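These notes concern the structure reproduced below.
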Amino acid sequence: MRVLGIESSCDETGVALVDASGDGVPTLLAHALHSQIAMHQAYGGVVPELASRDHIRRVLPLTREVLATAGLALSDIDVVAYTQGPGLAGALLVGAGVAASLGAALDRPVMGVHHLEGHLLSPFLSADPPEFPFVALLVSGGHTQLMRVDDVGAYELLGETIDDAAGEAFDKSAKLLGLPYPGGPHLSRLAEQGNPEAFALPRPLLHSGKPDFSFAGLKTAVLTQVRKLEQQPGGITEPQRADLAASTQAAIVDVLIKKSLMALKDTGLKRLVVAGGVGANTRLREQLNAACEKRRVRVHYPELHLCTDNGAMIALAAALRLQRDMAKLERGGGFEVKPRWDLAQLSEPSRL
Ligand code: KG4
Ligand code: ZN
């Protein structure tokens with residue numbers, strides 16, 4: 001069984017083809033991605049209308065590219081999966097519309113996938129896939145959550161951010177430091193030259209005793225520091241910018257690690273999966289690996305290029321559900337998107 005996956009929830013158009021024959025972990029046959037970063041950079045963030053229009057331009061050429069790479073034809077696709085939510089409504093509608101049209105034209109079922117379920121399950125495409133159950137740290141541009149994952153579709157929310165997401169904290173702090181969008185990778189690069197202990201930045205809710213997060217205060221603290229440094233004669237220096245970037249990254253990473261360890265301790269689980277764009281952060285990976293090794297906890301990440309949005313994770317999540325007979329398949333050409341959609345709502349009532 002071959003599943004085509006289409007991702008268009010934000011600023012990346014991703015298409016992929018996964019083979020889910022048998023019961024084994026599905027394999028990735030081909031994937032293609034177009035990032036809109038260069039287009040949105042001029043505006044300092046994602047412009048939803050431009051994102052939608054660009055998805056329209058890219059999705060069919062990417063689909064052709066994926067099929068050509070896999071050496072297959074449209075008629076070889078058995079199921080068409082697409083990101084149904086959460087995300088930008090207009091952007092989601094592009095992927096959903098194309099998926100529904102392909103399904104109708106090919107007479108194949110169509111399936112909506114939860115974007116965060118895609119991220120969460122993406123490490124199953126890595127060379128060292130995890131086993132259930134595990135704790136998942138989901139750190140993307142819009143979400144920061146700790147989940148207990150017992151199986152595909154069995155997700156229990158342990159804690160989440162009460163305000164900004166970790167990716168948002170990276171992006172907003174980066175903007176204050178004059179770095180281009182999306183700030184996370186840029187801030188992380190600048191931080192390599194700085195001292196993470198140069199500035200004492202807040203680590204909100206670190207001692208709350210619960211696996212929850214708050215990052216809004218960090219951004220305010222970075223703003224205060226930037227303003228102070230800009231007032232000195234000559235303004236903020238390059239070494240100071242690097243120090244502030246390193247200190248910001250250290251504050252975010254410290255909180256993510258402490259709360260992940262807390263969730264592991266509370267659940268008694270010995271396996272952690274890190275997914276979402278911030279999971280690409282080198283300092284987070286290094287420090288988390290060290291902390292988990294000490295506690296004999298196995299950590300799994302998606303392949304680096306599958307940390308940020310992509311079509312492979314959407315095709316994979318669909319394939320894993322199909323293998324377990326848990327897929328909600330649709331026919332008839334209609335479609336619906338869910339710009340706001342909690343991952344915990346996906347859990348099968350019988351499993352809770
Ligand atoms: O998962 P993702 O691609 O999109 C969403 O679903 O939101 O995550 C994007 C987020 C952005 O905030 C971006 O700045 C952040 O992931 N990010 C990083 C790194 N790479 C991407 N943050 C820190 N360090 C990185 N290396
Ligand atoms: Zn994402």
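Glycine too: its Cβ is placed from the backbone N, Cα and C atoms.
Residues Leu138, Val139, Ser140, Gly141, Gly142, Asp171, Asn281 are recorded by TrEMBL as substrate binders, and the candidate that the same record lists for that site, out of Gly118, Gly184, Gly268, is Gly184. In TrEMBL, the Fe cation site is described by His115, His119, and among Asp254, Asp266, Asp309 the residue recorded at this site is Asp309. Among the binding-site residues Leu138, Ser140, Gly184, Asp309, residues whose Cβ is positioned under 6 Å from ligand 2 are identified as Ser140, Asp309. Highlighted here are the binding-site residues (Leu138, Val139, Gly184) whose C-beta falls below 6 Å from ligand 1: Gly184, in sequence order.
Around the Cβ of Gly141 (substrate binding site), a 10 Å sphere holds 22 further Cβ atoms from the protein chains shown.
Listed in sequence order, Leu138, Ser140, Ala275, Gly276, Pro302, Met313 are the same-chain residues at least 6 apart in sequence whose CB falls under 8 Å from the CB of His119 (Fe cation binding site). Spacing of Gly141 (substrate binding site) relative to His115 (Fe cation binding site) is 12 Å (Cα to Cα, whole number). Spacing of Asp309 (Fe cation binding site) relative to Val139 (substrate binding site) is 12 Å (Cα to Cα, whole number).
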